């Protein structure tokens, strides 16, 4: 029987070697491709909070795999329960982590909990890969021939077990010959667009141009953006979406310029217990991310040492600004959302 120790995950950003979890350091990309050991709860939490491992689906998968590996290593049920609690608190906004850990907790309660946790973790990886493919197929059907699309942050294989969410849509649209090019927001303050999405699109052979976040409005006014595609970290019961900071700005601009604004996400990003965007916890991050820059390219500070900084990692886009929620189950329309599609009874 195949165990986690012998498994080839076939993901871009996670691997298991000799029963230990390794992550691709996404803070070092694109200058360096470095793998970091994440074999303890403390080390994985540190990597998550430092954004060395990031992306709502991938965070949940990394936590699930580590728990299963720790179970195989002989960690007691009581200690695994403590690990679950600690991992759950590592990043508050992305709901995939909470959903995955809830499933791992159910596996932990089984009589054969070691085997059950390994099976559940592998199931989560396989499911995420399949969900990405379904999202890509549904989304690509919305892309018209010759489209110039704009995307924000990073939503590809680096952030998932599969081809990604919004980037998966771009990939399939490109393969179908309908994509002219992608405008890539650099995504301040941590430059996930400039560092990760630009690198990923280049690896996939998808034509793109990198822009500063503040250039998006000008491009829309010139008619050079046909649609905007973003991912999501949490979808509330009323359809509001939490995503990387700057997403809301794009949605407002798209609404003004009458450009379709699509959210691509798996159903695991939906939180039926969260009534609306106001109830979504928004992570606040360090001032140093705004006063300067660091990563694989070195460190530079441009703001005064004592500059006051406001640095939320996410913002909330109201459902009224979204043209469609592209899930693994299909494209959800504003009319369906208004009728209660995301409400708990569903």
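The backbone N, Cα and C atoms fix where each Cβ goes, glycine too.
Because the structure is a prediction, the values reported are computed rather than measured.
For the substrate site, Swiss-Prot lists 54, 55, 56, 192, 243, 244; matching the candidates 91, 103, 134 against that entry yields 91. Counting only residues at least six positions away in the same chain, the Cβ atoms of 48, 49, 59, 97, 283 sit under 8 Å from the Cβ of residue 91 (substrate binding site). Sequence-distant contacts of residue 55 (substrate binding site), defined by Cβ-Cβ distance under 8 angstroms and a gap of at least six in the same chain, are 13, 154, 155, 158, 159, 160, 231. On a Cα basis, residue 153 (site 'Transition state stabilizer') lies 11 Å away from residue 54 (substrate binding site). For the pair residue 233 (active site, proton donor) and residue 243 (substrate binding site), the C-alpha distance works out to 5 angstrom.
Ranking the binding-site residues 192, 243 by the number of CB atoms within 10 A of their own CB puts 243 at the top.
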